[in-house]
Amino acid sequence: MTGYTMLRNGGVGNGGQTCMLRWSNRIRLTWLSFTLFIILVFFPLIAHYYLTTLDEADEAGKRIFGPRAGSELCEVKHVLDLCRIRESVSEELLQLEAKRQELNSEIAKLNLKIEACKKSIENAKQDLLQLKNVISQTEHSYKELMAQNQPKLSLPIRLLPEKDDAGLPPPKVTRGCRLHNCFDYSRCPLTSGFPVYVYDSDQFAFGSYLDPLVKQAFQATVRANVYVTENAAIACLYVVLVGEMQEPTVLRPADLEKQLFSLPHWRTDGHNHVIINLSRKSDTQNLLYNVSTGRHVAQSTFYAAQYRAGFDLVVSPLVHAMSEPNFMEIPPQVPVKRKYLFTFQGEKIESLRSSLQEARSFEEEMEGDPPADYDDRIIATLKAVQDSKLDQVLVEFTCKNQPKPSLPTEWALCGEREDRLELLKLSTFALIITPGDPHLLISSGCATRLFEALEVGAVPVVLGEQVQLPYHDMLQWNEAALVVPKPRVTEVHFLLRSLSDSDLLAMRRQGRFLWETYFSTADSIFNTVLAMIRTRIQIPAAPIREEVAAEIPHRSGKAAGTDPNMADNGDLDLGPVETEPPYASPKYLRNFTLTVTDCYRGWNSAPGPFHLFPHTPFDPVLPSEAKFLGSGTGFRPIGGGAGGSGKEFQAALGGNVQREQFTVVMLTYEREEVLMNSLERLNGLPYLNKVVVVWNSPKLPSEDLLWPDIGVPIMVVRTEKNSLNNRFLPWNEIETEAILSIDDDAHLRHDEIMFGFRVWREARDRIVGFPGRYHAWDIPHQSWLYNSNYSCELSMVLTGAAFFHKYYAYLYSYVMPQAIRDMVDEYINCEDIAMNFLVSHITRKPPIKVTSRWTFRCPGCPQALSHDDSHFHERHKCINFFVKVYGYMPLLYTQFRVDSVLFKTRLPHDKTKCFKFI
């Protein structure tokens, strides 16, 4: 019962709990439903209300983000007042901002005015400084002019001799003839120009006996000679050709003497006559041996009893009469060592009597001791050297065929000329054994051997010190040949082996120069004969001709603009502005010193003694103190001699030579716009004398083309043909020594040009410029290549932007082999390479590169020829052809470039640099 009751109670209790749970669940569900109803009904209404209120607030300029309390609604009016205040402040801020911007604009304008004023002040200071420099320079020039005590020299004015002269009979003994007693100086004033009258051999009996080739070659060279005149009355010198005679004709000395005495201008004594006997064969007769005239004799064979030192002339034989050597047939000078160390071919003529010997008097035969005959010792020694096999030599003392006719005791030539030349091309040295007769000073056979050795680059070794080599009065034969006494024949082998390659090549190169200049053609022989006599009587050479410029009329007046690419050189000017007219370099200051004091250098270095130049880059330089102690005319030392940094440096040229200017030579071809831009860039360039524009186009400039006014004359020169050689013609309008050759599309800053000019003044004999190139060895093909890649070595400076001396323009146009200029015209290329070859050949120095420029870029310029691939192939060919013409590679390498002295040097605040960017 109790258990039942408990169960029941428990059941009743559990049921109550269940009912309570159900009731609470219903309440929760009802509350949740009510809550959801409230949210779903009232929230959209509230949101709609506030959204509509927000729109109204926005329209009133208010932003309402939610419901406000009752107290806040009272403050709406205050908020509106604050908003109005904010709007007012914003308007004031906008007005203040506008005023601030106006003030900033005014400040910027004022700053610009300040900068302009500062710039104008600086310009005024620069102008003042330049004016002070000009005043100083003018005062200096005035003082120099007032203190000048030496007349200004120029091209000599010709003073001609009178028609009649008193005559000058020779001394009783014709062997005593010398210039002082057998030459009439009154007919040859120093400024006479050395007029020469040449007899026409066809008008005289002896002319019919002359060798036709000799006569024809002689007449051709006479027609082209600048000294020859047809007016015998004003002549200083009279020339008559008497040989070589045709075989077998032999004119007796008495007959020839009689014919010479009957010459129309002989004037009873024949003073100032030169009798020329040119040789073509080794057995040429000594036609003038017993002809007693007492006058100059020029021939290739002389006996001691006949030759008068300082009066007669030993000349080269006339081997061939071509106008210019065929450079393709001449072997190269390198390699230095050839197959044979030395060679000799010849056969001794044993006969001691001949028609020539019989003509000698008995007293002459008996004079002195009998000659020592070294020929047997020479033969034995040379054969021993050949048999020793120490060096490969070739000596033959018997001709395979009949030897050439020769004089007694002389070594006759063997074989034909072509065969002898082929052997000499394989020979490092060529032995020349002088005749055994000590009275025979020189013979045609020896002179022919010398000619052939020099022609092919075999260094002559002359055994016999008594020999008188051609033109020995002026030529320093020790630079091109070895003259060894015959008693030293046993030491010849040792002597030849001891020569270094550099010495040997220097002798070979000098021998080539002597052969080309004095031996190779009929022109060179005749010019040398006249030059020898002219030098002896101290008359200067004829002035070298200048190219007369045909000016193209053009309109100028266009104001030159300023180039934004021009570098500012800081507070330094680049030189004084020249207010006086452009001044030319002085000319012909050394008319007579070149002939008197410097004649040996002129005779033994290119181009020889045949021209008088207005100036050369080799003129002597005064010591530094001379400019302050009486020889200061024309000098402008820096700081008056005290030196200085940038400002003092830019105020004067300084250096080791007098003040000077330079001429710009600009080659152009149908690029008018590019040309005008380039000319404008030259505006205001200090020390610029003139601009010569070489108009290379057949079309004239446009008639409406207005040329810029750059402060100096612009001369537009018309050329006869389109040739790159025109760039280097020595135009008469170029009045300065310094030439800046520049392409019409080259961009150079003023400071770069001025620095290049200053460097050139210290290296006047070299090319000084900007773009560098070099020659590279092509190993597979064993030839040369033109290379424009960046390199630490260079050997050329392109003349599209380079300084050089006008002297080289003369050499390029009138002295350099014509074959080189012809190739330049053929390819329309390589003229810059040719100029580098020429200068290095003359000086044996490389060019000088200035600044870091390697090339030039011309944006907007028409395509240049240098961009074509064939351009480089042609330049390869040019280099190798030029090497053949010169016989060797004259270009030399250099491994440095030049910058200004104080470049990248830390300076005190009171010092300035020479150039800002260089």
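Using the three backbone atoms N, Cα and C, a Cβ is placed for every residue, glycine included.
The active site annotation in Swiss-Prot covers Asp832 and is backed by similarity to another entry. Following the DSSP three-state reduction, the secondary structure of Asp832 (active site) is helix. Non-local neighbourhood of Asp832 (active site): Met796, Leu798, Thr799, Gly800, each in the same chain, at least six residues away, with C-beta under 8 Å from its C-beta.
Annotation source Swiss-Prot lists N-linked glycosylation site at Asn290 (among others). Asn290 (N-linked glycosylation site) has a Cβ environment of 16 other Cβ atoms inside 10 Å.
The N-linked glycosylation site feature in Swiss-Prot is assigned to Asn591 (among others).
Cβ neighbour count for Asn789 (N-linked glycosylation site): 8 (other Cβ atoms within 10 Å of its Cβ, all protein chains included). Residues annotated as N-linked glycosylation site in Swiss-Prot: Asn789 (among others).
Per Swiss-Prot, phosphoserine is recorded for Ser361, and the stated evidence type is a large-scale study or a structure entry.
Residues annotated as topological domain 'Cytoplasmic' in Swiss-Prot: 1-30.
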- Take the C-alpha atoms of Asn789 (N-linked glycosylation site) and Asn591 (N-linked glycosylation site) and report the distance between them in angstrom, rounded. 45
- Message: Taking 10 A as the limit, how many CB atoms besides its own sit near the CB of Asn591 (N-linked glycosylation site)?
- Response: 21
- Taking every residue in the topological domain 'Cytoplasmic' (1-30), the average pLDDT works out to 54
- Task: Rounded to the nearest Å, what's the C-alpha distance separating Asn290 (N-linked glycosylation site) and Asn591 (N-linked glycosylation site)? Just drop the number here, would you?
- Result: 40
